[in-house]
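Quick notes on the structure that follows.
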Amino acid sequence: MWGALKSSRTARLWPILYWLPTGIVFASHWFELKAITGRSMQPTLNPNSSLWRDIGLFRRDVDIDAKYSREDIVTLRSPENHERLLIKRIVAKEGDTVRTLPPYPDAEVVIPKNHVWVEGDEHFWSDDSNRFGPISECLVESRLVMVVWPLSRFGAPNSKPTQSDKEYLAQTHKEQVRCSRVKQAKQPHSTQESSAESDSTWIPVYIRTLFECA
């Protein structure tokens, strides 16, 4: 009896052991958890109503040569200090024209090739492209997939159900103002961006590590 039980357990365990290295490699390349600090992305992240610091699941799209979309929330290396990891929103892409905010010296900027314009949702607490200008896409490291903690805010970062009406209205207003400042470049073929925006599926895997970004 015990021999049969051990044999049954071994049979169930082997598939797990077989695929475990693949899962670890997959996670180490594509997914990781990050604790989000600071107020630059309020009220989308770390809203005042929350007693906890948000923790997000990020996909390392840079490893699979993915293209980022406008409104994506991403982590990036600061162009002023590469040891500093920032979290910002992509507001504009190459060819777009942006009406800037202080302290940027020029009223408008056309985004160069292979660059993006990033901003924090809370302008007064954010060091972003309005300070250092467009950034190279190679500085972008990962894209926020969802908030995993606190559980009351579990889900996609821009979804209404996890937020109070006041926070949602504030977030919606910021989005409207942000989009009104960007004149998008004319694209001969829009399939590339739409395919990136529709790629919202993911597979839960082992999470590699926990970082902090502000």
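Every residue, even glycine, has its Cβ placed from backbone N, Cα and C.
Per TrEMBL, transmembrane segment is recorded for 12-31.
Confidence across the domain 'Peptidase S26' (22-99), taken as the mean pLDDT and rounded to a whole number, stands at 84. Marked as domain 'Peptidase S26' by TrEMBL: 22-99.
Following the DSSP three-state reduction, the secondary structure of Ser40 (active site) is coil. The active site annotation in TrEMBL covers Ser40 (among others).
Counting only same-chain residues six or more apart in sequence, the Cβ atoms lying under 8 angstroms from the Cβ of Lys88 (active site) belong to Ser40, Met41, Ile73, Val74, Leu76, Val118, Glu119, Gly120, Ser126, Asp128, Ser129. According to DSSP, Lys88 (active site) sits within a strand segment. According to TrEMBL, the feature active site maps to Lys88 (among others).
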Worksheet, complete the sentence: For the domain 'Peptidase S26' (22-99), the DSSP residue counts stand at 13 helix, 28 strand, 37 coil
